[in-house]
Amino acid sequence: MPIIQRIFARQILDSRGNPTVEVDVFTDSSFGRAAVPSGASTGVHEAVELRDGDKEFYLGKSVMKAVENVNTIINDELSGMLVTEQSEIDNALLQLDGTPNKSKLGANAILGVSLACAKAGADYSGLPLYRYIGGTLATQLPVPMMNVLNGGAHADNNVDFQEFMIMPIGFDTFSDALRCGAEVFHALKSLLKSKGLNTAVGDEGGFAPNVKSNEEAIELVIEAVGKAGYKIGNSTANGGLGDGQVMIALDPASSEFYDTEKKKYVFKKSSGQELTSEEMAAYWESWTEKYPIISIEDGMAEDDWAGWKLLTDKIGKRVQLVGDDLFVTNTERLAEGIEKGVGNSILIKVNQIGTLTETLQAIDLARRNGYTSVISHRSGETEDTTIAQIAVATNAGQIKTGSLSRTDRIAKYNELLRIEEQLDTEAIYPAKKAFRV
C-alpha cells in the first residue's frame, strides 16, 4: 500500500532568485516532488505565502518557517496516510492550518505537500499525472497565452499594462501552435532591434522595451505576427473570430494601477491619464473594436465589482474576460462573481488557493457555470511542470505560462509537447473551440 512514510521540504530558488519551497513525499513504493511558484503582482485575497521576514537572509524572503512546518507539523500529521487519498490529504492540511487564508502553515508549505502527494500517487499508479488526475478523458492540449511583451510590475519600462500575449488559435496541433509562437517571438525581437528598442526580457520572458505608449506596444506585437508570416485575426467588434491564425490577449493587471483613494485608474508609467471605472470599461471597449483582442485578464481592479459589471455588460459576449486578482482561484470569490454576472473566465493559479483539491473544485465550478479556465504560472517559477499536467488533466483548453524564452517557461511547453506525443492520435488541440465567446 502507498502509505506516506516521510515528507521532507527544502528551500530552493525560483526564477527571480527568491527562495521558495520544494517538497519530497516518500511512500513505501513511490515518490513525488513539487516546487511552489510565487507571484510579483499578487491579489489581496490570495492565500498567504509564508516568508520569514528576516532582512539578513534573502532580504526577508526566506521560507525556512514554511519548510520547518512541512518537516515537523505536516510530516507528523500525514505520515501513515494513503498517498492516493488526495481529498483526504488536502482536507487534513486545511484542518491542520485552521485559518481561512492558510496563514498559519503557509500556502507555500501546504501546496508543496499537496502537489507532491499527487505526484507520488501517480508514481504508485504507474500513470502520468494528467491521467492520474483526469482519467482516460484527459486528452485536450491547451491553447497557450504567450507573453511576448511585458510592462507593469513585470518590467522596468514605461508601459502600464503588464502583459501583451499572442494566442495561436488557427492550428490543428499544439506543436504547430508552439512553433508559431516561437517564430513570432523571434520576429518581434528582430523588429525591436530594427527600431533601436531594447530586447532585454522581463520576469516571464517577454520583451520589455521603452515604447512611447501602450498602443505602440500592442501594435508592435501585431506587426511581429505579420512579419513571422502568420495571419492576425480581426477585431471581435462584430462577433466571431474569423479566419485569423493568431489573436491578442492582454493582462493589464489593473489592480496595480488602480488608486483606491481616488477610485480611478492611473496610467502612472506612461501618460499619467486618470480614468473612472466607466471610462476604463469604455477604454477596453474601444481597444477591442480597434485591435484583434480575444481575451482580457484583470481589465478592472480586484474589488471594483461595479467596474467589472460594466466591462462584462459591454464586451463580455465577444471577449473572454478573465478574473485573476478578482477570483484568486477561490470558489467563494468565483461564486460571487457568477451571481453578480461579472467576467466569463477564471485564471487558475495553484498557489493562490493552496491545494490541488481546491484548485480542481474551482475549475469544476467554472465549467458548470459556463466560465472558461486558464491554467497559469506565476512570475516567479521553477523547473516544475505540474501546471502543464493540470491543464491536460482538466481539459481546461488554455494555459498561460510565459514567453518563448527562459527555461522556467519553456519547461512547461516542452512538457506539453511530450504529453501530445504520448497521447498520439488521441491528442486534441481545441484552437478556436477553447473560447465560449
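Cβ atoms here come from the backbone N, Cα and C positions, even for glycine.
Matching Glu274, Glu278, Glu297, Glu302 to the Mg(2+) binding residues that Swiss-Prot gives (Asp251, Asp324) identifies Glu297.
Per Swiss-Prot, the (2R)-2-phosphoglycerate site holds Gln162, Lys349, Arg378, Ser379; the candidate it also names there, chosen from Lys189, Lys400, is Lys400. Cα of Asp251 (Mg(2+) binding site) to Cα of Arg378 ((2R)-2-phosphoglycerate binding site): a span of 13 Å.
Cα-Cα distance from Asp324 (Mg(2+) binding site) to Lys349 ((2R)-2-phosphoglycerate binding site): 8 Å (rounded to the nearest whole number).
A separation of roughly 16 Å, to the nearest angstrom, links the Cα atoms of Glu297 (Mg(2+) binding site) and Glu204 (active site, proton donor). Least packed by the Cβ count within 10 Å, out of the binding-site residues Gln162, Ser379, is Ser379. For the pair formed by Arg378 ((2R)-2-phosphoglycerate binding site) and Glu204 (active site, proton donor), distance between Cα atoms is given as 8 Å, rounded to the nearest Å. Cα separation, Lys400 ((2R)-2-phosphoglycerate binding site) to Glu204 (active site, proton donor), rounded: 10 Å. Counting only residues at least six positions away in the same chain, the Cβ atoms of Pro37, Gly39, Asp324, Val328, Thr329, Ser376, His377, Arg378 sit under 8 Å from the Cβ of Lys349 ((2R)-2-phosphoglycerate binding site).
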